[in-house]
Amino acid sequence: MLVPPINLHAWVEQHRHLLKPPVGNKCIQQDGFIIMIVGGPNARTDYHYDEGPEWFFQLEGEMVLKVQDDGTARDIPIRAGEIFLLPPKVPHSPQRAAGSIGLVIERERLPHEQDGLQWYCPQCNHKLYEAMFPLENIETDFPPVFDHFYRSLALRTCMQCGHVHPAPERYAAIEA
C-alpha cells in the first residue's frame, strides 16, 4: 500500500517541539531509505561512518558538516535551502545551530554493512576510538556507544599528543 505524501513544512510545525536536544532527531519514513528531520542545536563530537551516501537538505537555519577528508578535518557549511550529497564512507559530524532544521536521507543498510562512530583528537586529529556495529535503529543504537566512549578516560586520551577529549557535562562526575 502506498503511503500518502507528507507535507514537510506542516510536519515540521506539528513536531517542532520534538526536534530539540538531547535527541533532536525524528524518523519520518523508513522503507528502503531512512528519512529524518533533525533539529538543532547539537554538540556532537563524534564522526558517523556510513557505508552508503547521505543526502542533506537544510530547511531552516544553517549547519556545518565536519568531515574527515584524507586525514584532514574540514568544515562544509550548509545553509537554508542548500543540499549536499555526502559520498559513502566519509566520516562526518553534523553541527547544527540553534533553531536549525534539516532533512537527512540515508539508505537502509545492506545486511553485510556496518555503521561506525569515530572520535578524533581535537588538538592533533589523531583517531581516538572507533566502534563498528550493524545499525538497526538510529535513535537507539548510538547512545550506548556514546556512553562507552565518554565514560572512559583512557579512550578519550590521545596516545599521540596526550590531550583529553572533552566529555559532555552529564559525564563530568566520571572525571572527578
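Including glycine, each Cβ sits where the backbone N, Cα and C put it.
So that you can see what the record holds, here are the features copied from Swiss-Prot:
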BINDING   R44  O2 binding site
BINDING   H48, E54, H92  Fe cation 1 binding site
BINDING   E54, R96, E106  substrate binding site
BINDING   C121, C124, C158, C161  Fe cation 2 binding site
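Cα to Cα, H48 (Fe cation 1 binding site) and C158 (Fe cation 2 binding site) are separated by 19 Å. Distance from the CA of C158 (Fe cation 2 binding site) to the CA of the residue listed as 'O2 binding site' is 18 Å.
The CA atom of E106 (substrate binding site) is located 27 Å away from the CA atom of C121 (Fe cation 2 binding site). Among the binding-site residues listed (E54, H92, R96), H92 has its Cα nearest to the Cα of C121 (Fe cation 2 binding site).
Taking CA atoms as the reference points, C158 (Fe cation 2 binding site) and E54 (Fe cation 1 binding site) are 29 Å apart.
For C158 (Fe cation 2 binding site), the count of additional Cβ atoms within 10 Å of its Cβ stands at 19 [all protein chains shown].
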